[in-house]
Amino acid sequence: MNVGLHLSIAGGLLKLKERIIKNKTEGVQIFSRSPRGGEAKPFNEKELKGFLEFKEEYKLYPLVVHVPYVMNLASPEEEMFQKSVAMIREDLYRSDQLHADFLVVHVGSHRGAGEERGLARMVEGLKILLSENFKTRILIENTAGSGNEMGYSLDHLAYIISETGHEELGICLDTCHLLAAGYDDVSPEGISAFSREFREKIGEERFCLLHVNDSKHPIGSRKDRHENLEQGYIGREGFINLLNSPFFKRVPWILETPEPGIEEDLVKLKKLREEVLKIPADR
């Protein structure tokens with residue numbers, strides 16, 4: 001079970017390599033461009049070649065790319081929908097260049113059109129992108145359910161997986177989003193019940209990645225506010241219980257906790273993993 005963190009790509013791929021080595025991270029997540037969208041600067045060919053060689057030698061896993069926040073595949077507005085498809089397509093191309101393992105896409109907002117319409121729109125966009133045979137696996141991420149966000153329930157995720165009908169479409173779960181949406185991912189009983197529901201509705205093989213964040217707000221708040229490890233409503237015991245879960249410990253974990261503090265959170269997470277699973281902190 002590898003653990004890692006979200007890192008900045010500012011300064012290019014060589015700077016990213018330096019940050020990976022400095023943090024002794026086993027996996028990493030990045031935005032391949034500004035999280036606010038805009039034009040994506042092409043990778044420097046020499047830097048890209050060097051980074052790919054480093055990735056293999058270092059055995060970096062996973063390498064995750066996160067799409068910009070501004071995209072919304074569920075939008076009822078045609079212009080935004082088409083822009084979102086184009087943006088994700090470009091990120092898939094860039095992810096393939098990086099030999100990334102996963103591209104994480106948020107389930108979008110229906111913007112008042114209703115969940116049924118929004119989910120259908122999401123499926124429509126994903127079908128277009130999945131038909132284009134990129135190598136990087138797309139993961140849809142659950143949400144906290146703020147405002148008109150969809151993807152906060154397993155029923156939403158199950159619908160998207162089923163209606164898209166593509167065996168390579170996977171799921172990324174976020175610990176903060178789960179709690180905010182009303183799922184108990186803190187107690188052993190709650191974690192077990194959630195795992196069982198996921199297996200029944202979606203299938204364990206679809207679960208590929210965990211975003212690890214504590215939560216500033218309690219269960220059912222519908223507020224997406226990440227907190228540093230052990231400082232929120234999930235807490236130390238919650239993460240210990242997640243590490244003890246056969247369902248959650250079978251996938252890589254990537255921290256998205258706030259700055260400053262995320263680097264210290266990686267050290268803390270490695271120590272917790274060593275304590276619970278007897279995996280050395282630095283391998």
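Just so you know, glycine gets a Cβ as well, placed from its N, Cα and C.
Since the structure is predicted, the reported quantities are computational estimates derived from the model, not experimental observations.
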Co-listed Zn(2+) 1-binding residue [Swiss-Prot; alongside HIS106, GLU141] among HIS66, HIS217, HIS226: HIS66
Among ASP101, ASP174, ASP184 - the residue Swiss-Prot places in the same Zn(2+) 2 site as GLU141, HIS211, GLU256: ASP174
Rounded inter-Cα distance in Å - HIS226 (Zn(2+) 3 binding site), GLU141 (Zn(2+) 1 binding site): 15
Distance [Cα-Cα, Å, rounded] between GLU141 (Zn(2+) 1 binding site) and ASP174 (Zn(2+) 2 binding site): 7
HIS177 (Zn(2+) 3 binding site), number of other Cβ atoms within 10 Å: 27
